[in-house]
Amino acid sequence: RRQRALLWAVLLAAWEATWGQLRYSVPEEMPKGSFVGDVAKDLGLQLPEIRDRGVRITERGRTQYFALHGKTGHLVTAERIDREQLCRLVENCVLRCELIVEGQMQVYGIIVEITDINDNAPSFGEAETELKIIETAALGSRFPLAEAHDPDSGRNSLQSYELSGDEHFSLAVQAGPGGDQRPELVLAKALDREEAAFHELVLRASDGGDVAWTGTARIRVTVLDANDNAPVFSQAEYMVRVAEDVPVGSVLVTVTATDADEGLYGLVKYSMKKTIDMASDIFHLDTETGAIKLLRSLDFEEGYSYELELQALDSGALLDTAKVAITVTDVNDNAPELTVSSKLNEIPEDAPPGTVVALLHVHDRDSGANGEVRCSLENDVPFRLEKTFEDYYRVVTARELDQSEPSLRLLLTALDGGDPPRTGTAQLWINVTDANDNPPVFAQDRYRVSLREDAASGSTVLNVSASDADDGTNARITYSFGETPAKMLQKFIMEGETGRITLSEPLDFEETRSYTLLVEARDGGGLVSHCKV
């Protein structure tokens with residue numbers, strides 16, 4: 001079965017580059033490291049790029065479900081994925097992640113559909129139940145039975161029920177408002193308590209997988225003496241809306257049922273059927289008053305709807321059922337989160353406007369307006385924000401920079417749409433490095449100096465000096481002679497670090513009465529200036 005699932009994943013894997021997104025499909029429960037898609041091929045990335053440009057996968061949730069295989073460029077599973085645990089209330093189970101190419105400051109969205117396999121059998125909340133029916137119950141009377149639950153989807157989910165065990169009862173299945181199947185026990189033959197006080201039945205639930213899975217529940221019917229009236233709920237279905245921040249212990253709703261009988265047969269007690277979605281761990285039903293209280297805190301992001309199935313039972317074992325649908329509404333209890341996905345530590349002052357310096361991601365776990373986020377950058381900085389893909393922003397230069405401010409602090413703010421709104425912040429430090437935009441400048445364009453012909457070798461002729469308005473290595477100056485006849489250069493020596501010119505050979509007034517030297521000053525960035533001596 002696992003081999004077929006893998007083949008199915010390979011056949012279904014498809015990608016689309018529209019809006020920078022890739023689409024793949026993979027069955028649930030595949031082993032860690034299973035192939036999902038060939039990201040490198042689909043994006044046209046070469047394998048050396050994946051290693052050298054810092055290509056990585058990011059996900060928004062707490063669990064990393066996917067990873068990028070560095071040697072093959074394949075997207076693979078990083079964890080075994082249980083579709084039913086991940087998408088309890090969602091038919092189309094989709095995981096999203098992003099692939100960031102840091103060297104290109106580029107981000108691609110990846111959508112992976114998790115397809116269902118038939119890895120769950122239908123199951124009942126209780127393996128054995130007892131049903132009490134009055135012996136005077138009319139033929140055709142219907143009694144609701146506990147529904148089975150199968151977390152799989154489509155054909156792999158619950159498909160049919162079957163009843164066995166006794167000719168007194170048959171099975172009917174009704175379709176619920178949401179398309180769910182609701183089994184009912186139908187009285188097919190009159191009961192006689194004196195003939196049989198108990199009836200043992202087996203209810204079997206089956207799914208529609210290629211190899212069908214089944215689950216069973218044993219039903220024991222106890223035949224009771226006559227009780228004329230059953231309890232009746234005031235509503236067949238109670239609809240409740242509650243904010244996720246309602247205090248623990250609050251009464252969410254009180255259900256009521258009445259019984260027209262007198263005495264013990266008119267006393268009503270309430271009960272709640274056990275559910276598989278943990279609703280019975282979150283809500284408590286008072287069996288005497290019908291009040292439903294909150295046992296623990298709600299979280300809209302973990303669950304936004306619950307359905308409780310209640311029974312009102314009198315002392316004669318007649319009952320009525322009702323449903324309570326609880327909808328949890330979101331409150332703005334999560335602040336936006338700003339994450340710096342990639343950034344430059346420094347940028348030259350002559351970088352052109354529009355240069356990308358950082359890639360940011362913003363996320364708010366709330367929904368609706370509470371989860372809608374606007375990002376801004378504080379004023380008076382030479383940068384601006386650009387939205388790129390979904391919840392990603394780029395920080396780019398808005399104008400030319402000035403190295404007079406060597407370190408710039410950027411404060412980014414994310415504001416959601418709640419009332420009142422919540423904010424998240426992040427800060428970046430960007431170092432502005434010097435550009436070699438200033439050549440050396442001599443103190444004088446032309447120097448004149450007189451020497452006696454008997455000046456000793458090694459004597460100082462002149463100290464020339466130049467300055468450079470740049471910083472660091474760009475301002476470091478070295479001196480040398482420019483284009484000067486070799487005969488002249490034999491007489492003089494230039495010290496490169498200090499600009500000191502010294503006499504290297506004796507002078508002869510009768511031979512040469514004057515010399516013209518071209519002196520060159522060169523900074524660390526290669527810019528050159530000249531003067532004459």
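The backbone N, Cα and C atoms fix where each Cβ goes, glycine too.
Curation does not apply to TrEMBL; its annotations are automatic.
Database features, via TrEMBL:
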DOMAIN    65-124  domain 'Cadherin'
DOMAIN    125-233  domain 'Cadherin'
DOMAIN    234-338  domain 'Cadherin'
DOMAIN    339-442  domain 'Cadherin'
DOMAIN    443-525  domain 'Cadherin'
SIGNAL    1-20  signal peptide
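Helix, strand and coil counts under DSSP for the domain 'Cadherin' (339-442) come to 4 helix, 55 strand, 45 coil. The average pLDDT the prediction assigns to the domain 'Cadherin' (443-525) is 91.
Secondary structure of the domain 'Cadherin' (443-525) per DSSP, as helix, strand and coil residue counts: 8 helix, 25 strand, 50 coil.
Under DSSP, the residues of the domain 'Cadherin' (234-338) split into helix, strand and coil as follows: 8 helix, 48 strand, 49 coil.
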